[in-house]
Amino acid sequence: MANLLKTVVTGCSCPLLSNLGSCKGLRVKKDFLRTFYTHQELWCKAPVKPGIPYKQLTVGVPKEIFQNEKRVALSPAGVQNLVKQGFNVVVESGAGEASKFSDDHYRVAGAQIQGAKEVLASDLVVKVRAPMVNPTLGVHEADLLKTSGTLISFIYPAQNPELLNKLSQRKTTVLAMDQVPRVTIAQGYDALSSMANIAGYKAVVLAANHFGRFFTGQITAAGKVPPAKILIVGGGVAGLASAGAAKSMGAIVRGFDTRAAALEQFKSLGAEPLEVDLKESGEGQGGYAKEMSKEFIEAEMKLFAQQCKEVDILISTALIPGKKAPVLFNKEMIESMKEGSVVVDLAAEAGGNFETTKPGELYIHKGITHIGYTDLPSRMATQASTLYSNNITKLLKAISPDKDNFYFDVKDDFDFGTMGHVIRGTVVMKDGKVIFPAPTPKNIPQGAPVKQKTVAELEAEKAATITPFRKTMSTASAYTAGLTGILGLGIAAPNLAFSQMVTTFGLAGIVGYHTVWGVTPALHSPLMSVTNAISGLTAVGGLALMGGHLYPSTTSQGLAALAAFISSVNIAGGFLVTQRMLDMFKRPTDPPEYNYLYLLPAGTFVGGYLAALYSGYNIEQIMYLGSGLCCVGALAGLSTQGTARLGNALGMIGVAGGLAATLGVLKPGPELLAQMSGAMALGGTIGLTIAKRIQISDLPQLVAAFHSLVGLAAVLTCIAEYIIEYPHFATDAAANLTKIVAYLGTYIGGVTFSGSLIAYGKLQGLLKSAPLLLPGRHLLNAGLLAASVGGIIPFMVDPSFTTGITCLGSVSALSAVMGVTLTAAIGGADMPVVITVLNSYSGWALCAEGFLLNNNLLTIVGALIGSSGAILSYIMCVAMNRSLANVILGGYGTTSTAGGKPMEISGTHTEINLDNAIDMIREANSIIITPGYGLCAAKAQYPIADLVKMLTEQGKKVRFGIHPVAGRMPGQLNVLLAEAGVPYDIVLEMDEINHDFPDTDLVLVIGANDTVNSAAQEDPNSIIAGMPVLEVWKSKQVIVMKRSLGVGYAAVDNPIFYKPNTAMLLGDAKKTCDALQAKVRESYQK
């Protein structure tokens, strides 16, 4: 029994029981029970993690001893990453000298410098070349490895069975960098591709060095120089790198490959893809082309023979895994080339693609320079070592993602393209046992993968299905419906005044439509602010209905006074905020301004009217026309930076003239005038105070709050007008029209009022920005709409005052509730559309007042504002590829979303620190910054502006790319950057800058996610499919500054985080921007 108990307890994973086997039976029971009752938490202890803690492991970086090998396995930056992960790192003295990395660099990075024997005895050894005999020590490097240690290096196991035998004797675990599977998830640690990229670039540089002419064509005074013609055979990594380098140097580049996808890549780089007449796919496994048929090879040879007579430089990269390189160019072809031509054989190490190649040598054969070097990556040792180091550090992090322990599991059962595939393919020996080659993975794609159609291609196919007849019929039907509606309005018109008002409304809408389209996107925020101020003309309605003496004497007069007071807040506050924003766009180099001179036309307009009124002239309609034209001019003035301040001045003149004309029509007595003046003065003072104190970053919520005032003023005016006009309904032929307009204006005003308050609460942080998705909200909204529409029936049928005022009160409440339910269901990121829609609503509410009071000015201005908001809403929706109904009803997905399973994102991301980011910024000549709402939230515009100023002074080309919906209202980011002093001429819109990304060295993405998400173009099943985005991933390097890798508002993973040219700089945007600014300043001062 004791032996049985000993067996049980020693086999138990709980440390509590591991030492009980030697105890006597009774004592065992007593201690067991006591321990159980006093240390119960140990029974719930988590299982011990597998592997060895990083801090107990040492990574060794020996010096490469292969002849002419200048690379080193780890750069100082790589050492720093491993030390940060927890490893101890030792580097052989002088290991990085040939790569321009001194021992001091490694010490600063956290490594210790030791001798060759000590380094090779490390737990984990990383090398470039496979272990070989060390001539200095007189011993094979494999014999110096630690027993049961780990080696990471290029191994080529199929060609080196003797080396595997030596490593097996040391019970070594070997990861062969040359065996990393060429699958998407492994791109970051594909060392063969990294080295091939360098070889391809170096091949062009060497060819240019030995070629006797310019690559680019030139016309000089001495004569014309034709461009060099280059043929590149093989569209793999090396071939494409060669094509890119040669094209950038101005040569005419031609590319050949047996794979259609590779030819497409040649074409995308600007090279001319060459094909043979015979159609045969060359798609093979592992990223290589397959061997072709005899007929295809004969056609290929014919093409090559023809090209040899035309081109100046030949670069060939064709390899077949595990076999001798195919001879593609025989001696006769080479000798047919022009004297002075150059051939570069990147397959020389495997025998070469040219019959005349001498591996490892440079020589001239009958005037043709042959470059057959087999160590091209080593000839760019610094760059090659850096990339190889990145490959190794990423591989280690990927195979052992645990934060504390180093551990990876090698399994023979794995799926294609997974991390298990990468580990099993890379590990060629486990604890001394050779496990190469890896077994075949499961779920291998059969043949060439079918290329998924892009969103643009699907949209083009969809457009092609619409026949010209159907398209024309759709247009004709729309015009037919519109003209029929106009005829219906004419028939239903109760009098001539209504027809004239409809005419005014229609013409004003057309003028507003064309005027607003001319406004530059950078000025959309000032546009909304000035329309907010102009919408304060609801004060006209309030003034027209005010009465009494020093105080209102009836309910309707009180409502009117309140409407005038509220509207005055909008007028004064709106114009002041607009002026503040426009002042921020001023540049130090701009000429002086004399805006006070606009007092001259203002004084002439208002003073002239007062003089005419005193002389007995009734020119109020002309005043309304002039005021309306000034309001049109206000919107038109905002089309450019140069006329924006004139636009704001015209808006003030228009509103002042309209108010003056209204007072002239009313001719109030002294006491009533005092009441009007007091209400407007108080409201204006409050508006000026708010506008003066508001921070520009809080502009969206201010606009939303001002919208609510317009909506409330419209409701009050409509109800007051009903109360005042009710006694005349029995004798007024237009009574029904007045009632309909009053009801409609009350409904629109109620929705605008409550919806704006909810938008304000979300933007101000008083309410959660996340959408409030009430159960059955669509049915609820439909019920509220039906009740609101149904309320007009008793309102129109029953002539009693009680029924009428009850219906107006009910629709006010119903519309207010509907405004809450609609806006609450919309998330914070959709606020740009919400604000523009509310802006449009306020315009239509103003139009309703114009019809109600038969006032041309209100109708004109309302149509301008309504069309302005509608156009901005349309622009925002187009920028998200969503319908307005989708946004307003709290929906998700774009109009292009296919609805299938979204694309799976694979791969690993690359994280960098501030020093790495500074190095990338320092090396870049052209930089684009793409800010998002994260910049607004963090208020990081000031350090970014200072950073841009310093970089510009260093001669770098720095610009901003702004997405239309990057912020919480249109143009918000433009205003924030202007506030920080960024010149507006370097702040470009998405459509203006998207075509520049491919030529940009570096993009800084600050606090943006969905607006730079490549899934919008790459994944037809994404919910943001078809959404126009900033194409930052097309640039050479991208740094994404975010708090985490989390999703954006659309809850869609962003593939750019995992692209090979993207680096993640994680952290708080404000702190990161401050740190970047400080680091650049420090570097700048040096």
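For all residues, glycine too, the Cβ spot is worked out from N, Cα and C.
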>> According to Swiss-Prot, one residue among K70, K462, K768 carries the annotation N6-acetyllysine; which one is it?
In response: K70
> Hey, which of K397, K1034, K1071 does Swiss-Prot call N6-acetyllysine?
Replying inline: K397
>> Among the residue ranges 291-311, 333-353, 501-521, I'd like the one that Swiss-Prot describes as transmembrane segment.
In response: 501-521
> Same topological domain, and so the same side of the membrane, for P591 and R959 in Swiss-Prot?
Replying inline: yes
>> Give the mean pLDDT for the topological domain 'Mitochondrial matrix' (579-595) on the 0 to 100 scale.
In response: 84
> Over all shown protein chains, what is the count of other CB atoms within 10 A of the CB belonging to K331 (N6-succinyllysine)?
Replying inline: 13
> Among the binding-site residues listed here, G967, P970, G1026, G1046, whose Cβ has the fewest other Cβ atoms inside 10 Å?
Replying inline: G1046
> Are there residues of the same chain, six or more positions away from K224 (N6-succinyllysine), whose CB falls under 8 angstroms from its CB, and which are they?
Replying inline: G217, Q218
>> Applying a 10 Å Cβ distance cut-off over all chains shown, what neighbour count does K117 (N6-succinyllysine) have?
In response: 13
> With every protein chain in view, how many other Cβ atoms are within 10 Å of the Cβ of R1043 (NADP(+) binding site)?
Replying inline: 13
> Between the transmembrane segment (596-616) and the transmembrane segment (646-666), are there at least three Cβ pairs closer than 8 Å, leaving out pairs fewer than 6 positions apart?
Replying inline: yes
> What does DSSP say about R1043 (NADP(+) binding site): helix, strand or coil?
Replying inline: coil
> Are there at least 3 C-beta pairs under 8 angstroms linking the transmembrane segment (475-493) and the transmembrane segment (857-879), leaving out pairs fewer than 6 apart in sequence?
Replying inline: no
>> So if I exclude everything within five residues of the ends of the topological domain 'Mitochondrial matrix' (579-595), which remaining residues of that chain have a CB under 8 angstroms from its CBs? That is, six or more out.
In response: 522, 525-526, 529, 641, 644-645, 648-649, 691, 696, 699, 975, 978-979, 983-985
>> Ranking 622-642, 646-666, 672-691, 740-760, 833-853 by the number of C-beta pairs under 8 Å to the transmembrane segment (801-819), which range is first?
In response: 740-760
> Which of the listed recorded positions (K294, Y933, N1009, K1079) has the least company, meaning the fewest other Cβ atoms within 10 Å of its Cβ?
Replying inline: K294
